[in-house]
Amino acid sequence: MGLTQRELEIIRERLGREPTAAELAFFTSHWSEHCSYKSTKMWLRELPGSAPWVVRGRGTDAPLVEVAHGLYVSFKIESHNHPSAVDPYNGAATGVGGIIRDILTVGATPIALLVNLHFGPPEDPHAKWIFSNVIKGISDYGNRVGVPVVGGETWFDEDFTYTPIVLATCVGVVEAEAVPKGYVEPGDYIVVAGLGADRSGLGGSAFASKTLEGGEDLGAIQVADPLMGKKLIDVVKEVSRCVKFIKDLGGGGLATALAELSHWFSLGVEFHLDKLHVRDASALPEELLISETQERLIFVISPRDLPCLEEALRKYEVPYSIPGRFVKSDRVLVMWKGVKIVDIPISLADGAPEILWPQEPYQPSDIPEIPEPPIDKAIDIVLSSPNVAKKESIYMRFDFDVGVRTAVKPGEGDAAVLKLYQRGQLGLVVKGDANPRYTFLDPRLGAANAFVKAYRNVAVVGGVPLAAVDSINVGSPERPQVYWRFVQAVQGLKEAATELEVPIVGGKVSLYNEYMGRPIKPTVAVVVLGKIDDVSKANRALWHDGDKIYIWGVTKGEVGGSEYLKRVHGILAGRPPSIDYAAEKEIVAVIQSWLGKISGATDVGLGGLITALAKMAINSGIGGEIDVCKAPAETTRLDYLLFSESNGRFIATGAEGPGVAIGEAYGEEFVVKCGGTLIYKRGVEELKRLMSL
């Protein structure tokens, strides 16, 4: 059933009776870990989320960040890991649909999607099956609703062979006056619009709150309908000014939606379930209550404004019903053909008891003594790694130009840049990052690294970071070491957000990411959003013929958890790179002072200095000659100089630039030296083939 004995006792005690079948379904769904966050919310409360430009932070379906006077941006991240493991096409597609609907709840028009994807090794048949279907699911849904996929990252690791991590972020924009009013009064109607309810997604939230053991029920997987998703986008554009509130009907179905609405507004709900429009007339009332049928929204509207909503719903042929209303009481009341089937106090409906699990620290092993390998072979191995490879074969399957807002396209720069036509040349810069190896070795420092990396990506392109959302994905919290890793990851995010002065305005926790008793490497993704005053000045990761090549920052001998250590030596050990927050903030100021004066820029991160330089050569189609030993460094080992993933660094190119000059761009060959010694030489076309996924 999904409820613990203690939870059942609390329910019986508070109700003063045995719960009905519908109430048991209600609590099983809404008190699941997926919906209630009962093992995590006490830690998440510590995350800083406020700033003068944050209009609405965590706590509702989507935040709002002011990027110009009267212009708001909303962005939100969602995971769909368990569904994507079992039915990768529909799991990924419904993940995209769900995050789009979250953005619709604030009246925003979705303008972009980003995806952070983690799969098993690309040569593994099962991982390849998941990979290809996830990509197709994202592509089909995004393309059909007209929202471009503008960026993301793809990671490959054996831990994700059977338990992929599938994260989708949606960005939307809305004028302040178009945001729904945000208040509710007794007598206001609850209108359910979209697909008729059926049995699809039954128990989806409970399914996402347990580990995978093989042979999972496909009935728990929702099915996407992008045509209806597009209709809902069109409806919201027309009615956001006349409705009071919009709520996504997602995880937990009506049970969660009604519990959250009554809790947010401290008002009772009276809901006649038999008046709900359905596609499956044989569905039981308790099934309708927790069904996670996709492409549905709840609109809260006053009776006098109802014609405004009904006109739009009819115009776009969106099915709807008016089964509920708000009342002046302290209860969630659900009726079925005149009979009460749910009668729960609001405080109990949304009051899953919190759980603090035991914690057990993990101590990573130190890096053993490793010989310095033949450098040219080591470079080839790292550059051909799927994790650092160019992902053109993936993003070319997405329509990233629909809406003609994408100023910096996938593969062109460190982050996506989106035009905001409402305010001239003003644009958004957005990027998501994660490194499961880092968060495995040191979850606190690893989570902070994910934040810093996304922050630096936004900064290097030319954005001023404003806000962040995060996604924490771990195994079962009942495992002391897993729960410790989760808590440490939250502390790392808290530290980074505080030091960088970038509030965390939303997030998602996904637990029980295990297969056959084996938890995944903890994976913390952070998406940072910033703004740029003039999108035409955004930096791309390239250079022009004759440009000088500069490096900013110091390379340290930091190869713990690095691509080099894993791919060349087969070792996962050490600690992630250290962080100097002041140095990271300085990068924002430096790049801002050079905007429009340099040809391009890219950060130095995964795969180290050699990878950053190689990507710029490929993007440009122009070679160059670089003396890496001119780069400021605190290591004497050449392999560490090339492959260290130290923070606080970026490459800039142009006639002049910030930092230390280490080379020049020209010709068709990528030539790397140390002093007068040649250490690596490849043609740009050969390099491109080497780094293709």
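Placement of Cβ uses the backbone N, Cα and C atoms for every residue, glycine included.
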Swiss-Prot has SER79, HIS80, ASN81, HIS82, ARG101, GLU292, THR293, GLN294, SER510 binding substrate. Which one of GLN5, GLN222, GLN592 is in the same site? GLN222
GLY507 (ATP binding site): which of the recorded positions GLU78, HIS80, ASN81, ARG101, GLN294 is the nearest Cα neighbour? GLU78
For HIS80 (active site, proton acceptor), the one of HIS34, TYR37, ASP470 that lies nearest, given that the recorded positions are compared by Cα: HIS34
So how many other Cβ atoms are close to GLU292 (substrate binding site), meaning within 10 Å of its Cβ? 28
Long-range neighbours only, meaning 6 or more apart in sequence with Cβ under 8 Å: which ones does GLU78 (Mg(2+) 1 binding site) have? GLY95, GLY98, ILE99, ASP102, LEU167, ALA168, THR169, SER471, LYS508
Cα within 10 Å of ARG101 (substrate binding site) - qualifying recorded positions among HIS34, TYR37, ASP248, ASP470: ASP248
Using the Cβ centroid of TYR37, LYS76, ASP470, GLY507 as the reference point for the ATP site, which residues of the same chain not in that list have Cβ within 8 Å? LEU44, ARG58, ILE77, VAL469, SER471, ILE472, ILE504, GLY506, LYS508, VAL509
Largest inter-residue Cα distance among TYR37, LYS76, ASP470, GLY507 [record-listed ATP binders, Å]: 17
